[in-house]
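Feature annotations, reproduced from Swiss-Prot:
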BINDING   36-43, 287-296  FAD binding site
DISULFID  Cys136-Cys139  disulfide bond
Amino acid sequence: MNKPQHHSLIILGSGPAGYTAAIYAARANLKPIMITGMEQGGQLMTTTDVDNWPGEAPGLQGPQLMERMQKHAERLDTQFIFDHINEADLNQRPFLLKGDNATYSCDALIIATGASARYLGLPSEKAYMGKGVSACATCDGFFYRGKKVAVVGGGNTAVEEALYLSHIASHVTLIHRRDKLRAEKMLSAQLIKKVEEGKVAIVWSHVIEEVLGDDQGVTGVHLKHVKEEKTQDLTIDGLFIAIGHDPNTKIFKEQLEMDEAGYLRAKSGLQGNATATNIPGVFAAGDVTDHVYRQAITAAGMGCMAALDAERYLDSLNQA
């Protein structure tokens, strides 16, 4: 095995948490290395309108915000490595990370790997992935211009996807397993307006039992009522999955403490260690540890705290 590339501080992930950590770490002269992962920019790269970023009164696009963050980190001489880490050994010092392209070691590690879209888990869903089934309306919505589509879910992501698609598709159906939305009130109100305009329909209290299709792709979905013995088929050309996310923490299992859903557990912060994990020198920031707030601004704030925590930790090593 080639000798690992050693760095004082490595940041895994390139979303708001990772970029903010890089900015603060660079300003502290920690010479941070960011390993971007496969999806540089994180979930915001597939978010159309960011209307709640402080100071951006007109609003801006998700990719636009991430580009600004990247340029900010670049200006401060953050080094970017385009690689995907698939194995981590946090039980040795320095920490060891194995990627697709190289092996790395570091004295301190900030994990900002975020979360990925969750799928229904149906064999038929997997069979039509990329052939009518998608988890990203902003990525694939264009292909359904003038066609009928459905979105499954009831939270912010599902409503945002439905609203976005309502400007492209001929008709959008939102399928939700509950009898009310979990999305923010403002988003829900916007969706109800689309329903009143006839551009969107909502199918309450139903789940998808099967994705229907042929050699060309998706043709519909088979739905079942969650309480009653009723089923129905819905004819659509595309299905967008928006039922939540799973944290990207698989490579850290049995090393770092996690909750039952796989989110990393961080300390309380009462002693200036808000992002510290159970392993000294390893810090967590953003959606990889937060499944409650899950906002760009909170992820960025945690990235800031992780950099400050890492700085204190590295200082303690130098003083030892």
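Heads up, the Cβ atoms here are built off N, Cα and C, so glycines get one too.
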Cβ packing number for Arg294 (FAD binding site), 10 Å threshold: 18
Integer Å distance between the CA atoms belonging to Cys139 (disulfide bond) and Glu39 (FAD binding site): 13
Lowest local Cβ density (other Cβ within 10 Å) among recorded positions: Cys136, Cys139, Val288: Cys139
Cys136 (disulfide bond) in three-state DSSP notation: coil
Length of the line joining the Cα atoms of Thr36 (FAD binding site) and Cys139 (disulfide bond), in Å: 20
Alpha-carbon distance [Arg294 (FAD binding site); Cys139 (disulfide bond)] in Å: 21
Rounded distance in angstrom between the Cα atoms of Cys136 (disulfide bond) and Val288 (FAD binding site): 20
